[in-house]
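In what follows, a single structure is set out as structure tokens and then discussed.
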Amino acid sequence: MKTQVTLLILGLCLSSGVHVHGGCKEGFVFRNGGCVDTGRDAQQYKTKQSAGGCNDGFSYTGTECEDEDECDSVIPICGLDANCTNTPGSYYCTCRTGYRSSKGEKFTAVDSRCKDINECVEKKPCDPRQTCENTLGSFKCSCRDGYRKGRGDLACEDVNECVESRPDCGPNGTCRNTPGSYTCTCPEGFRNHGNNSRARCEEVDECVDNHPDCGPNGTCITTSGSYTCTCPRGFRNHGNNLSGPCEDINECDTDPSICGSESEGNCTNTQGSYTCACRPGHSNYGNGQGRCTTLTCDGYDDGGSDEQAEGGLERLWAMMRQNCENLISGDEDSSHTGHGLLEDVLTGTDELLSHSQSMDDNSQVTGLLTLMEKAMMLIGPQLKQNRTKMESQHTEAEFAVKRGKAPPTGSVLLTTESASFKTSWETAAGNGTYPGFTVVALVSYKSLNSTSASSFEALREEMQAEKRKEQQEQKVEVSLQIISNVVTACVSNPDSHHLDQPVSFTFKHPQEMNESERLNYTCVFWERDVWSRRGCVASSNSTHTVCTCNHLSSFAVLMALYDIKHTFELQLLTWIGLAVSLACLFVCILTFGLCRSIKGTRTTIHLHLSLCLFLADLIFLCGISRAQKAGCGLVAGLLHYFFLAAFSWMLLEGVQLYRMVVLVFHTTLRPAHMMAVGYGAPLAIVIVSAIAYPQGYGTDQHCWLSLDHGFIWAFFGPVCIIIFLNALSFLITLWKLAEKLTSLNPDLSNLQMIKGFTVTAVAQLCVLGGMWVFGCFMFKSVAMAYLFTILNSLQGALIFIMHCLMSKPVRDEYAKFLRSICNPEKRKYTEYTSNPSSNSQQPLKTNPSTGQSQL
């Protein structure tokens, strides 16, 4: 009810124009346009009654007018941001902290409302390092970016981003800390990306951004923090400043002798270059910037003689002379300069080499090689490329050319299919006046026939004399053969016949072959119609020969085959000895095979040993010098087999001796085992050798094993092993035999013992192959050669003497056989039986009565 009355009174006041003012002091109320003391009139207001009711701000309770509390309202009359204070008959509003009213400190809801005060704008309450945030009735201070809450009295302190955050300023930038932030400082030539002071430093592309002036012929290149102007050949930077524009070089003023002396040529400057005009008698070989040098064409007339200018050579000489004259006159024919001229020369050379008879004469070979040397030195300076290589059917050529103001340095290597040439640019240029270019050329002839007998005659006599002296007066014949392509090497050095530094050639052998006593590789060069080795040193392996020479010409590798002819006496001794051995071995075979009285293991071994030696000596005597290649290989294979088989049976003899002497009661070898060792093992070695290297059977001189690839060790290896093992068994035999003889007869004199040992040793040496040891020394001494020849050619005769004639059971059999022949009428049937007491092939047995052994 009070609320309704209050609102009614408020509406009446507004409609009647009464202005309510809330500016009265405490104890007063605004009424009737002025402030009335409520204390003085309080009682009056309480008791006053009239027909219109109570005064404003009061309500009638039935007995009196009572003050209404305007502040007691569900909806705050002063609003949420103000405090309401009730007074007798009225009220007033005051704003909360952080708010204010436009009507002053006290007001009524009708007059005004409280509005928030923006302290950040009006009072600026925060530190400069802070940001102020206004809130309803208040504000908030927080640290700016780059600051953090400080320690102590500091509200905020600066953050050093350069230390803590390590921002990326790039490899060329420097981080600098600032209050609340940082900057990337860039050096000259760099700038921050996107012009952001905190961005990384990146290089300024001077050529794109600033467009510097390098001139019409210069090229701008950005460098680290700057730029340079790169000038082409014939231009240079203005003022020698790398950033300056490019301007033409006047080569004619810079180097007045660039085209030679005034008498040789004139220089004319052009934009970025120059040209040389040569005077008569001079040429720069078609190179407009080349130095003019003296050129004469007299050397291209005929090559030196009529013989050297015959046929195709005459046409080639004329071609060279015409080209030379064109160079001097300046009338250059594009088809006959440089590359075109080289092609024509190789074609003409092919025509000559394709006819085998055209190069049979030494003078023609000299003409061709002389022509090629001169042609290469005329063609080389005209070639435009630094390297030129051309190949035809019979000829192959390669050039290396260097041009410049100063002579070149370093090494240079030219190669063809079968040879290479290595020298230095210093050697090629020489010590004379430098013409502005250096040429190195190599020509290889694939089919040059230069092996006529007259070209080797002097060299052959020289090499034969050297070999005869080395072989101690033995007769020596030398067979010479060119095994490599002939090559011509040329350099622009005019004094190429006496070089300061040696040059080297590497030649590839057509087939692998090592040097030996009978084979030698020699480096030769063509000198006045013959081959010579003066001034050259050769070093070879099986595949290549390296020639080191102190001059230049046309070179090749010469293979020398030394056919060492043994003296007639050695040959005669070999024939006689083998013939005697064959007869003796034949008798041995009959003896060991037919005499049943001497049957035994050792007899079997001697039988097969004699058989193998007989066949080996027979094949050697008949086929060692067989000429046909196929037949020679067969003979070599048979000799290899039967000699290995003979040594295998020698090994079995040594094994049998060891068993007889050391293993007294284990003396029998099984026949199957003996056959396997005596014939099977040699057969296996021969088969494996033939499969591994079939070309090893048969040589150019004899039907024996080749020395190439170590093939001879297919024979030497097993033989050395067998001789070593047999030497051990031989020594053991002598030692044990001495003990047995002493124990059997202590009264036997020393002379008799020595005689017995000597006979036994010689007999065993014949069977064990001990005489082959002398073969190791026959090449060092003539005496050893004779000794080896005699002992081995007579091995069969020695076996017959020691094991047949000096054996009493065998002599008895021979006596019976001779008596039956001499007295056929008294011949009676006799059956040969084995008598243990007379069987020389029995093993050592122990006498039961004496406990001694006998052989």
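Cβ atoms are placed via backbone N, Cα and C, with glycine included.
What TrEMBL says about this protein:
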SIGNAL    1-17  signal peptide
DOMAIN    67-105  domain 'EGF-like'
DOMAIN    116-157  domain 'EGF-like'
DOMAIN    158-202  domain 'EGF-like'
DOMAIN    203-241  domain 'EGF-like'
DOMAIN    248-293  domain 'EGF-like'
DISULFID  Cys259-Cys276  disulfide bond
DOMAIN    397-565  domain 'GAIN-B'
DOMAIN    570-807  domain 'G-protein coupled receptors family 2 profile 2'
TRANSMEM  572-595  transmembrane segment
TRANSMEM  607-627  transmembrane segment
TRANSMEM  633-652  transmembrane segment
TRANSMEM  672-692  transmembrane segment
TRANSMEM  712-735  transmembrane segment
TRANSMEM  756-779  transmembrane segment
TRANSMEM  785-806  transmembrane segment
REGION    829-855  region 'Disordered'
COMPBIAS  831-855  compositional bias 'Polar residues'
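Around Cys259 (disulfide bond), a 10 Å sphere centred on its CB holds 28 further CB atoms from the protein chains shown.
Counting residues per DSSP class in helix, strand and coil order gives 7 helix, 14 strand, 18 coil for the domain 'EGF-like' (203-241).
According to DSSP, Cys259 (disulfide bond) is assigned to coil rather than to any helix or strand. Sequence-distant contacts of the domain 'EGF-like' (203-241) (same chain, six or more residues past either end, CB-CB distance under 8 Å): 172, 187-191, 247-249, 251, 271-274.
The Cβ of Cys276 (disulfide bond) has Ile258, Cys259, Gly260, Gly265, Asn266, Cys267, Thr268, Asn284, Gly288, Gln289, Gly290, Arg291, Cys292 as same-chain neighbours under 8 Å, each 6 or more residues away in sequence.
Taking the domain 'G-protein coupled receptors family 2 profile 2' (570-807) as a whole, pLDDT averages 76 in the prediction. Look at the domain 'EGF-like' (158-202): DSSP puts its residues at 7 helix, 16 strand, 22 coil.
Secondary structure at Cys276 (disulfide bond), taken from DSSP and collapsed to helix, strand or coil, is strand. Residue counts of the domain 'EGF-like' (248-293) by helix, strand and coil are 4 helix, 18 strand, 24 coil (DSSP-based).
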